[in-house]
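Pulled from Swiss-Prot, these are the features on record:
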type	residues	note
BINDING	C10, C13, C32, C35	Zn(2+) binding site
BINDING	P132, T133, G134, S135, G136, K137, T138, L139	ATP binding site
DOMAIN	1-51	domain 'ClpX-type ZB'
Amino acid sequence: MSKYDSHLKCSFCGKSQEQVRKLIAGPGVYICDECVELCNEILDEELIRPDGPMTKEPVRPGNPKTRTSLKELPKPMEIKDYLDEYVIGQDEAKKVLSVAVYNHYKRLSLVQGKNDEDNIELQKSNILLMGPTGSGKTLLAQTLAQVLEVPFAVADATTLTEAGYVGEDVENILLRLLQVADLDVEEAQRGIIYIDEIDKIARKSENPSITRDVSGEGVQQALLKMLEGTVANVPPQGGRKHPYQDCIQIDTSNILFICGGAFVGLERVIEQRIGKKSMGFVRPGEGQSKEKRAADLMQRVEPDDLVKFGMIPEFVGRIPVMAALNPLTEETLVAILTKPRNALVKQYQKLLNMDNVELEFSQEAVKAIAQEAYRRKTGARALRGIVEELMLDVMYELPSRKDVQKCMITKEMVEQRSTSELLLHPSSMVTPESA
């Protein structure tokens, strides 16, 4: 036997048994310890690549980037100050968010430190944002993630369906967060997930449905464990899970979920409840405009109102922190155009400045844009659409022209939208004298 053993070689690199530390035998093949180590390195590199195949848990070295210690964690007032730089108005919602997020990551630092002597367990408090479209719900959640330097993912509740039906599984929400975290499971488990259009998965009535509601109550049921905290199996390539697929395990106990929705009609539920308590007296909000009355009513929302709206009680119980955002006024829209750090006017001024052209919006033009956006009833989202329409011809022509120093956007351009004005206005500016 020893006669043949001396001639054993690695089937991959060709090294003999004497040249390596260990030679592993298989049915008709041999592999040395050096080739095994090389294979492990190749697999690890594939796991780290965002487009590479994944197994159960990607191996990631290093310390987490998230601010989890109390010393690094910004205080509620600091969080609100940061939000003020990017989001105009909504002061009450900002305070609620700042306190809730600060307490959430305080809880996370306590869990990681594991030095609590009195064994008091702090429960997670997910957040519900209610407000009309374009009022800043997504932007608030996104800005929170920026100040805390944590992974942030956005999901649309309307695309989710109950397991076993056509559509996305709720676990695909976690996959988006994992991808944003560069496949770092530990980092993803400290992130923030914003679930938009959460009001669209309300069941059709307060009473439990006899028929299946696969994109309503069924999705709420599927989200319960994820919101509360569970170890979820996430399919690495997305889509439906199947028995022979390797899944990544993610613990959602420390992921902060922020749910947002317009909740159109919820104010009527609140008004009905309040009206019953104030029978014989002046109705709340009487004499106010419809929008103002609806906004005031939303500030008085209670969990029972959400249940009557169509959210199941178990779901409402897992989002204890609620904040209502006010609809945007014309004055607020004017401020949104000009004041935030990344205001639309500043963005377009920077774009034209790269072509050596100065861009200026007259105050009357800004007001006219805000008035048109207010009429569209889509909040701040309407602003970008209007400015894009205004600037299209200007930004098409100016890069090819070298004689324009300044571009002025006037009230007439906003109101008339004539192509001739947009093209002729830059040419009326002072141009450098030809040599």
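A Cβ is built for glycine as well, from the same backbone N, Cα and C atoms used for every other residue.
Mapped onto this structure are the features recorded in Swiss-Prot.
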| residue | record | DSSP class |
| --- | --- | --- |
| C10 | Zn(2+) binding site | coil |
| C32 | Zn(2+) binding site | strand |
| G134 | ATP binding site | coil |
| L139 | ATP binding site | helix |
Taking the mean position of the Cβ atoms of P132, T133, G134, S135, G136, K137, T138, L139 as the ATP site, which residues outside that list, in the same chain, have a Cβ no more than 8 Å away, listed in sequence order?
G131, G260, L325, G379, A380, R381
Please report the Cα separation of G134 (ATP binding site) and C10 (Zn(2+) binding site) in Å, rounded to an integer.
65
Top Cα neighbour of S135 (ATP binding site) in the set of binding-site residues C10, C13, C32, C35:
C35
Round to a whole number and give the Cα-to-Cα distance in Å for the pair G136 (ATP binding site) and C32 (Zn(2+) binding site).
60
Cβ within 8 Å of the Zn(2+) site's Cβ centroid: which residues qualify beyond C10, C13, C32, C35?
S11, F12, G14, K15, V20, L23, Y30, I31, D33, E34, V36
Write down the Cα-Cα distance for C10 (Zn(2+) binding site) and T133 (ATP binding site), rounded and given in Å.
65
So which of the binding-site residues is most packed in, judged by how many other Cβ atoms lie within 10 Å of its Cβ, out of T133, S135, T138?
S135
